[in-house]
Amino acid sequence: MSKLNELNSAKFYGTTAIRPTMGEDEPAPRPSRLFGVRHLEILLMFLCLAVAYSLRVNLSVAIVAMMDRNGTGVDFPEYHWDNTVKANILTSFFWGYVVTQLPAGQLAQRFGPKILLTGSLFVCSLFTILLPVAAEVGDWGLVCGTRVIQGLAQGFIFPSIHTLLSSWTPTEERGRFGTYVYAGGQVGTIIAMPLSGALASSSIGWPSIFYIFGALGICWVLLWVFLGADRPATHRFISKAEKAYIETNLGSTLSTNMKRQTPWIDIFTSLPMWAVVIAHCGQNWGFWTLLTEMPSYMNSILKFDLKSNGLLSALPYLVMWLMSFVFSWASDFLNTRRIISLGTSRKIFNSIGHWIPGLALIGLTLSSTDDTTAAVALLTLAVGVNSAAYVGFQLNHIDLSPNYSGTMMGITNCLSNIMSIIAPLVVGFIVTDENDATQWKTVFYISSGIYFAGNLFFVLFGKAEIQPWNEPDPPKDTDRAQNIGMKETHEDKKL
């Protein structure tokens, strides 16, 4: 293999990765330690998403208490917002969220994801703490403004996490580690919903929801500043053995000032990339419809009180978290033993994650609203099995282009979160009377249809092979390239 061609390799935030050549630099063995620095980074990323989702979803429960005096103490403000205002408040987070998705991938690549995650969680946590003041001073308009800023801040999280995963997870561990990290969102939801319900019903009232979760976010920021790192080469505590294991499996890095041009045209004209976009859009429509509206459905149709509402709204996400481990191990089992191709694996698990929830939502429309057990079971099935998508489209960016996975995640997350804005607004338009079960059935039919259509496109056009545009052009003006070229010429003359 030509050494010069080795420079066509993975890129990490302004550095060029040079993959080892077989026979010269065999991949280092996995360290014997059960818990290494890479596991610490995975844990921190997991906690990052847990905190981020708790900051994102706590309003879904809090708003029920903010609009219902029976759910809070009499000493706390009550707001008489209609369903349109409520829908605007719940979607305002995503007005900001979609804006920063595209630049986030590029900024993570240029400056490193550590600084972006630090700023993102700090700003989001600070404005979470300020939200009760915003409601008191500026009513729903300032609440929306506060949520927009939170969304702007959180827009950097997923592209940064994806970029970190491409640096810290060897291929053989990526399925498990990726699932563990993204399961943080479910854990954050599991914690946020019942805790928010309990806090809203307590003597400290609904404002405490925002104070407590905001403080947790700032605690995570402090941990990340001291223990986080962009990549193994920059971590202060990593052992040489673990660093060698990660870098020789991914490609060791050389710090350079080379500028790489993102192949925008190739990315936007790639059909497999659009398959990921469409699947991601279907995911966000279904996921965020249920996440933002389930507490209202349980309150208005199933008639659960606020505390029970919080607990039962969290149950599907507990199941989702547990099922994510089942699906990740099943995926790794099939992929490492090459029982099926990686592309087939991604499509099978994505189909499980989208089509079964679609069927569960149809079942929900057919069940009696008096049968609360069946309703909760179907909602739990719809959300729980959706975790299979984490080893479906969710990792497909890295399959298609390890070099530009952060940028690609920014693109798909930007476009798909337009669905996160539209879905609650559509619910607000359809559900004019929250006590009318027929209107809710229309919402579930729409979500089911979008789940089916989005995954069908992914099954037909998705791929899992690295795309030709993944490899950047080799550097032309660096001493490294010139030295390799001169050495190669010298070796050719010897032959």
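The backbone N, Cα and C atoms fix where each Cβ goes, glycine too.
Since the structure is predicted, the reported quantities are computational estimates derived from the model, not experimental observations.
Quick look at what TrEMBL lists:
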| type | residues | note |
| --- | --- | --- |
| DOMAIN | 40-466 | domain 'Major facilitator superfamily (MFS) profile' |
| TRANSMEM | 42-67 | transmembrane segment |
| TRANSMEM | 115-135 | transmembrane segment |
| TRANSMEM | 147-165 | transmembrane segment |
| TRANSMEM | 177-196 | transmembrane segment |
| TRANSMEM | 208-227 | transmembrane segment |
| TRANSMEM | 267-291 | transmembrane segment |
| TRANSMEM | 311-330 | transmembrane segment |
| TRANSMEM | 374-393 | transmembrane segment |
| TRANSMEM | 414-431 | transmembrane segment |
| TRANSMEM | 443-461 | transmembrane segment |
| REGION | 469-495 | region 'Disordered' |
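The recorded stretches the transmembrane segment (177-196) and the transmembrane segment (42-67) share 3+ CB pairs below 8 A when only pairs 6 or more apart in sequence are counted, and are therefore in contact.
Segment contact holds for the transmembrane segment (267-291) and the transmembrane segment (414-431), given three or more CB pairs below 8 angstroms at sequence separation of 6 or more. As a quick check, the transmembrane segment (147-165) and the transmembrane segment (42-67) clear the bar of 3 or more Cβ pairs under 8 A, pairs 6 or more apart, so the two touch.
Distant neighbours of the transmembrane segment (42-67): 77-81, 86, 89-90, 93, 117, 121, 124-125, 128, 131, 135, 147, 150, 154, 157, 161, 164-165, 168-169, 177, 180-189, 191-193, 196-197, 200-201, 205-206, 209-210, 213-214, 216-217, 220, 223-224, 227-228, 291-292, 294-296, 299, 306, 309-310, 313; these residues of the same chain sit at least 6 beyond its ends, with a Cβ under 8 Å from one of its Cβ atoms.
Taken as a whole, the domain 'Major facilitator superfamily (MFS) profile' (40-466) shows an average pLDDT of 86 in this prediction.
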